[in-house]
Ligand SMILES: C[C@@H](N)C(=O)N[C@H](C)C(=O)O
Ligand SMILES: [Zn+2]
């Protein structure tokens, strides 16, 4: 269990709302739908939903971005994710690591299996159905995003979304003396600054993952302030 999963959840009952796709940028087809992720098993069969207040904050973040970078936009890579899709992506990522390392699942020792799973879980939440430990995206409070510039080109952050490697850590390029890598860091800073100003918290291992109101958000907020601890506003979204 991760420390943030001990945070108590008191779901405020806010609805999941459709993201106005014309206001942001999205990839079509969606990356996980392209892989065959089973959205059809969920009553909400699209990733482009968020809790109402989370969407409002995302709109604020994009306005803040455009104060300094007119015509830049937030690209929504992923938002609401049913637990079935979380399971599919954990399995997919595990199998990708095996492929990259030319390993065969059936000849793995128990230790090897556990060690690869631990790597996957550094970046993916467990597909838990326990109401006390929902995967962040299944609450409708988390989203994976990047930026596109005025020409519609993805701003270069120096690594791919979902890459299982230290390059995904938000400050990975912070102390680099290479100008290109310094630029990646600046780009990541632009993204995290507008999101944090709008109230979001960022996943410690992922430059692209932000949330508002879920357990990780509450846990990180409590770490940063010496006030009465807060609890999570959103649990797994139940239709
Ligand atoms: C890996 C990425 N797409 C992601 O969403 N990670 C977080 C931690 C999650 O699975 O909730
Ligand atoms: Zn995420």
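Cβ coordinates come from backbone N, Cα and C, glycine included.
What you are looking at is a predicted structure, and each value in this text was computed from that prediction instead of being measured.
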Which residue of 130, 144 does TrEMBL report at the same Zn(2+) site as 137, 209?
144
Validating a neighbour-count step here. Other CB atoms within 10 A of the CB of residue 206 (active site, proton donor/acceptor): how many?
19
Please go through the recorded positions 81, 137, 144, 209 one by one and keep those whose C-beta falls under 6 A from any atom of ligand 1; give the result in sequence order.
137, 144, 209
Residue 209 (Zn(2+) binding site), number of other Cβ atoms within 10 Å:
27
Can you list, in sequence order, the residues of the same chain other than 137, 144, 209 whose CB lies within 8 Å of the CB centroid of the Zn(2+) site?
77, 78, 79, 81, 136, 142, 143, 203, 206, 208, 210, 211
Alpha-carbon spacing, residue 144 (Zn(2+) binding site) to residue 81 (site 'Transition state stabilizer'), which is rounded to whole Å:
11
Contacting recorded positions for ligand 2, chosen from 81, 144, 209 when the Cβ sits under 6 angstroms of any of its atoms:
144, 209
